[in-house]
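Quick one: the structure is below, and I'll ask about it shortly.
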Amino acid sequence: MASKYGSGVLPENKKEKGDKETPETSYSSQSVSVNTLADQVSSTLSFAPSSDSKTGGEVKFNEKSDQSGKSNTCRPSTSSDISDESTCSSFSGNNKPHKANDVRWEAIQAVRTKHGVLGLNHFRLLKRLGCGDIGTVHLAELHGTRCFFAMKVMDKGALASRKKLLRAQTEREILQCLDHPFLPTLYSHFETEKFSCLVMEFCPGGDLHTLRQRQPGKRFSEQAAKFYVAEVLLAMEYLHMLGIIYRDLKPENVLVRDDGHVMLSDFDLSLRCTVSPTVVRSTVLASEGQKNSGYCAQPACIQQPSCISAPTTCFSPRYFSSKSKKDKKMKNETGNQVSPLPELVAEPTSARSMSFVGTHEYLAPEIIKGEGHGSAVDWWTFGIFLYELLFGKTPFKGSGNRATLFNVVGQPLRFPESPVVSFAARDLIRSLLVKEPQHRLAYKRGATEMKQHPFFEGVNWALVRCASPPEIPKPVDYESAPATPAAATSTSVKSDQSNYLEFDFF
């Protein structure tokens, strides 16, 4: 599992992720130059002793070349200096609209204005939050401020020897493109002679895997699960609009912010491709929806977002005062006379990849069978994700990794007798966990189709950020976080990486 930006340490029983990779054809390898901060690394980037090193193995599979065109939304950068910003055509520099009200952006900009560049010497590392396959994440404080960040530190030498420089570059370039309330903010990135660092948003609530373990029965209520998956769905919709296939959705990668809302993390396995957003009339969309689901997908049957009505929660059915049958009939007749609004569909359906990447319990059948895959793998993992939140386990887990893979391909979906969940929840999971991707819910219309499913009835998509989260994390006591003593940086990073195992299954 890749590194976390949250506060909790990494449990030993977390699921295993796989991807042994070869360079993808459309990317250039990253060259690294020596910079003036090289002499400061040993004294600045030091690690405190920690017991959070991961003992479970991340299983890596053979990754073949991807056959999709790369999006020009974010072009790969061949420069490698200590610059905090790089080239990203959509959102670069100060063009991200949500920077304005963030005090952390102001603090970062103040340091840049004063010193010209931002580097390791401007941060105080407080403690290690977790470690992953390509780096270690630390809680860091910007000197002279009360601004805290999650800093991901990657040993470039170790990445090069393990042929993972491309993954680190891919993650950085994707993070530079993102500007969404449920996706991470990359405040800065810089490099030293030995290390590549990403300065990101810190999520004190840990991840959904850890939070689920604390729930009664180690599972979420259906209402809580609906809250989390709705926010994840909006994040996935945004990623697909940018031509980014996530490929690593699981509770461990969904972090909880201080306000209880969530944030997706870890994009080193993501695939970038071309996408062509299309505006389609709802009448066409509804007819397609009826073919793929037993539910009515007519716009009149689907609750549309509204910024006018303000329910106390965005995740509860709305109740209206009773009206006479005559009034209801007149309303229906009026509604039938109004043409439904067109809908935006931005699903990268043409993307194809032969990469064998992901976590065993979340791998889609088409990945395991080596048939090539596209954006539909994200909707398969979405179904596994919802299943795990509701039932406390994944549906195809076997006695071992090989058995799990065989179950994904050959075993039918089964629901446990307990806990009892709604028919709509089961139907959504069943529609997503279809082994043939072309018959899977959201295969053509993506999140647009998902939002219309009855499981999300009562969700006001325009006001999701106004909803009350199921749980608010306890405030973090930053004062009690011990400062890191001097230690050998390279030794600590190599120590973390030695905890990862690589296996070949095929």
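Note: Cβ is positioned from N, Cα and C throughout, glycine not excepted.
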Out of 97-117, 391-411, 475-495, let me know the one Swiss-Prot marks region 'Disordered'.
475-495
Which three-state DSSP class does VAL137 (ATP binding site) fall into?
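In the DSSP reduction, VAL137 (ATP binding site) maps to strand.
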Please give the greatest C-alpha separation between any two of the ATP-binding residues LEU129, GLY130, CYS131, GLY132, ASP133, ILE134, GLY135, THR136, VAL137, LYS152, in angstrom, as a whole number.
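Largest Cα to Cα distance for the ATP-binding set is 14 Å.
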Where GLY135 (ATP binding site) and ASP248 (active site, proton acceptor) are concerned, what is their Cα separation in Å, rounded?
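About 17 Å separate the Cα atoms of these two residues.
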Can you tell me the three-state DSSP label for LEU129 (ATP binding site)?
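The residue in question, LEU129 (ATP binding site), is strand (DSSP, three-state).
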Between LEU129, CYS131, VAL137, which of the binding-site residues has its C-beta surrounded by the fewest other C-beta atoms within 10 Å?
VAL137
